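Asks: The following block contains the structure, expressed as structure tokens.
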Amino acid sequence: MDKRPIGVMDSGLGGLSVIRVLREQLPQESVIFVGDQGHFPYGTKTKEQIQQLALRIGKFLLEQDVKMMIIACNTATAAALRLLQNELPIPVIGVIKPGAMAATQHHYKKIGVIGTESTIKNGAYAKTLAKLNPDLSVISSPAQPLVSIVEHGQTGTSEAQKAVDTELEVFDNQSIEALILGCTHFPFLQKEIHNKLGSNVQLIDPAFETIRQAKELLTGKNQLSDNLASSINLYSTGDAKDLVAGAQQWLPNGYSKCAHIELNEEG
């Protein structure tokens with residue numbers, strides 16, 4: 001058994017969708033989350049910029065004595081997963097391969113992928129899906145504006161529905177069977193996405209397969225926690241009030257504390 005916390009990072013509030021699943025599946029695990037809202041958004045940054053930011057956060061989490069790091073951000077997974085796996089002395093997992101694996105476990109013939117500009121531009125999902133199932137037809141489309149809708153607390157509004165309708169127009173008449181939510185902000189827009197695409201299109205949230213793999217890894221290393229008083233500590237590099245608002249809305253069982261942090265160049 002290992003009561004050390006699991007470290008989780010994202011560019012903003014999206015990582016809360018992964019923490020929500022983590023708490024459902026592994027309620028006895030403590031969590032330390034860093035939302036890098038001071039550098040939001042990641043989706044329009046260069047690979048090198050994202051790597052630098054992710055490495056700083058990884059070093060901070062290491063200082064908090066985490067036993068594992070989850071990159072709860074598709075953009076950062078695509079840009080920095082391999083780097084962090086090489087640089088940090090703990091297991092580091094991302095969300096892209098689990099998301100692709102979740103999609104290919106079903107016998108879909110045609111699916112869609114939405115993500116940030118960066119995630120879609122570098123073809124992270126398309127490449128991974130092609131390796132897992134070369135016969136799968138994949139339509140990828142950036143939906144960068146939807147990230148800000150979530151970050152600004154506008155889910156459930158007419159503005160959110162209009163933005164979703166516009167960004168997902170590319171899938172009109174395409175007969176996709178499923179859609180990978182290739183940004184951790186997007187699960188908070190599932191209602192609006194279903195309204196646009198119809199309930200027959202399956203929405204794939206990579207968080208579920210990601211946490212399943214995390215549990216499998218920790219089980220194999222005998223590092224699962226038996227802590228009955230587990231905690232969720234949240235940190236923001238931006239305005240902690242925004243993270244508090246998101247946590248109050250999307251973490252049904254609450255959190256332990258939320259604070260602002262500054263991450264210097266050395267991490």
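Each residue, glycine too, has its Cβ placed from N, Cα and C.
Pulled these features from Swiss-Prot for this protein:
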ACT_SITE  Cys73  active site, proton donor/acceptor
ACT_SITE  Cys183  active site, proton donor/acceptor
BINDING   Asp10, Ser11, Tyr42, Gly43, Asn74, Thr75, Thr184, His185  substrate binding site
Asks: For Cys183 (active site, proton donor/acceptor), which of the listed binding-site residues (Tyr42, Asn74, Thr75) have their CA atom within 10 A of its CA?
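Replies: Checking each Cα against Cys183 (active site, proton donor/acceptor), the hits are Asn74, Thr75.
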Asks: Near Asp10 (substrate binding site), which residues of its chain come within a Cβ-Cβ distance under 8 Å, counting only those 6 or more away in sequence?
Replies: Leu16, Val18, Phe33, Val34, Gly35, Asp36, Ile71, Ala72, Cys73, Ala76, Thr184
Asks: Minimum Cβ neighbour count within 10 Å among the recorded positions Cys183, His185: which residue?
Replies: His185
Asks: With a radius of 8 angstroms around the mean position of the C-beta atoms of Asp10, Ser11, Tyr42, Gly43, Asn74, Thr75, Thr184, His185, what other residues of the same chain does the substrate site pick up?
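Replies: Counting only non-site residues, the set is Gly12, Gly14, Pro41, Cys73, Ala76, Thr116, Thr119, Val147, Cys183.
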Asks: Within 10 angstroms of the C-beta of Gly43 (substrate binding site), what count of other C-beta atoms is obtained when all protein chains are considered?
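Replies: Its Cβ shell of radius 10 Å holds 25 other Cβ atoms.
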Asks: Let me check the 10 A CB neighbour count of Ser11 (substrate binding site). How many other CB atoms are there?
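Replies: Looking across every protein chain shown, the total is 33.
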Asks: Measure from the Cβ of Asn74 (substrate binding site) and count the other Cβ atoms within 10 Å, all protein chains considered.
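Replies: Excluding its own Cβ, Asn74 (substrate binding site) sees 33 Cβ atoms within 10 Å.
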